[in-house]
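K.L.:
Can you keep this structure in mind? I'll have questions shortly.
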Amino acid sequence: MTRDIQTMAVKDVKKVVLAYSGGLDTSVILRWLQTTYNCEVVTFTADLGQGEELEPARRKAEMFGVKEIFVDDLRETFVKDFVFPMFRANAVYEGQYLLGTSIARPLIAQRQIEIAELTGADAVAHGATGKGNDQVRFELSYYALKPDVKVIAPWREWDLTSRTKLLEFAEANQIPIAKDKRGEAPFSVDANLLHSSSEGKLLEDPAEEPDEIVYQRTISPEAAPDKATIITIDFEHGDPVAIDGIRLSPATLLAKLNELGKANGIGRLDLVENRFVGMKSRGVYETPGGTILLVAHRGIESITLDREAAHLKDSLMPRYAELIYNGFWFSPERRMLQAAIDESQKSVTGRVRLKLYKGNTIVIGRESPNSLYSLKHVTFEDDQGAYDQVDAQGFIKLQSLRLRLAAIAGRRGGSL
């Protein structure tokens, strides 16, 4: 049940650490590793706030005879050291995607390598398919952290080349298969404290509207309350620290924003994106708390960042987002950009007031001890000499110099 030319020699692997969710794919992989590689398997299940009971994953691993089982609560680390640094950059991939899956992979990979060192494992394995981005994200992270690590990627090795064959293998090996509310095999779902994504089945046709059953973390905007919810978010050096004046830990704060976003129909996205491997894919994403946080962070930046610093930061953001999407979290260029972004956030402290209403997040107020907004300069009333409007004449004259010279030379930018 392998493609021999791609399969690592069985004798080369003694113990492997598997990133294990307890779902169909990784449960099949667990059994496949045991039978194909005849090696000891260590399972690692990361609690990233996916909102599901993780003990079933432990029990499944025990059912397969796994002796070393790790179920680690990484929620605070995930938000503090991965999500918040990314949001300081306002990172958005292709103008829409808030990178909820992408940002989780380097942390999972990092902990896998730590567990491999701890248990003496000589290999790591993941459940990402050979068509997607996650295989790249996992493996780039593995190699950045442990260059000589052996990596097993079952989807690139076995002959279970479809979801149907996977289900057949599961049934033949008495592996429990989850069902959705309709009693069918579920969509391919990834979830953590930042977001959830759904792919596969009817979503593979980009012309088909998703059924409401696809959505797990948000109500529809149409079903949201007719009365707006007003909240405040406090920031310190670019990171959110409080909601409505109550200080919260990073994970608790994001969880609270998720609750607020869900209740107001915020954070749904139906997206066709360009994968790093070259193909387009369609997914349905729900990022309620992250959507609120992005709007709020831009709101506080609007009064605390210098214009040129803000514009430079915005110009760097697409590259930064692409690095995370493509799996280069541990790259020197990402760290370099992060240093510049973090430098820009030193003055990004203050409070943003927001209105949440039927899928919308609207900034309705912002204040900061570091505000660069000067009422006496911008007022339409008497500024008492704070700004001499005559100065604008020379400014415009200098700015227009190259345009006037081009016109004199007969090289007008457009026809008259």
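Quick reminder: no glycine exception, Cβ is built from N, Cα and C everywhere.
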K.L.:
Which of these, A46, A91, A104, A144, does Swiss-Prot list as part of the ATP site with A19, Y20, S21, G22, G23, L24, D25, T26, S27, G127?
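P.N.:
For the ATP site that includes A19, Y20, S21, G22, G23, L24, D25, T26, S27, G127, Swiss-Prot also lists A46.
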K.L.:
Have a look through E204, E208, E273 and flag the one Swiss-Prot assigns to the L-citrulline site that Y97, S102, N133, R137, S188, S197, Y285 belong to.
P.N.:
E273
K.L.:
What is the interatomic distance between the Cα atoms of T129 (L-aspartate binding site) and D25 (ATP binding site), given in whole Å?
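P.N.:
Here the two Cα atoms are 10 Å apart.
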K.L.:
Can you tell me how many other Cβ atoms are located within 10 Å of the Cβ belonging to R137 (L-citrulline binding site)?
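P.N.:
Step by step: centre on the Cβ of R137 (L-citrulline binding site), count other Cβ atoms within 10 Å, giving 27.
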K.L.:
Around the C-beta of Y97 (L-citrulline binding site), how many further C-beta atoms are within 10 angstroms, looking at every protein chain?
P.N.:
21
K.L.:
Inside 10 Å of the Cβ of G23 (ATP binding site), count up the other Cβ atoms and send me the figure.
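P.N.:
Step by step: centre on the Cβ of G23 (ATP binding site), count other Cβ atoms within 10 Å, giving 19.
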K.L.:
In angstrom units, rounded to an integer, how far apart are the Cα atoms of S197 (L-citrulline binding site) and G127 (ATP binding site)?
P.N.:
16
K.L.:
Which residue, out of the binding-site residues S21, S27, T129, S197, shows the minimum number of other Cβ atoms inside 10 Å of its Cβ in this structure?
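P.N.:
Among the binding-site residues S21, S27, T129, S197, the lowest count of other Cβ atoms within 10 Å belongs to T129.
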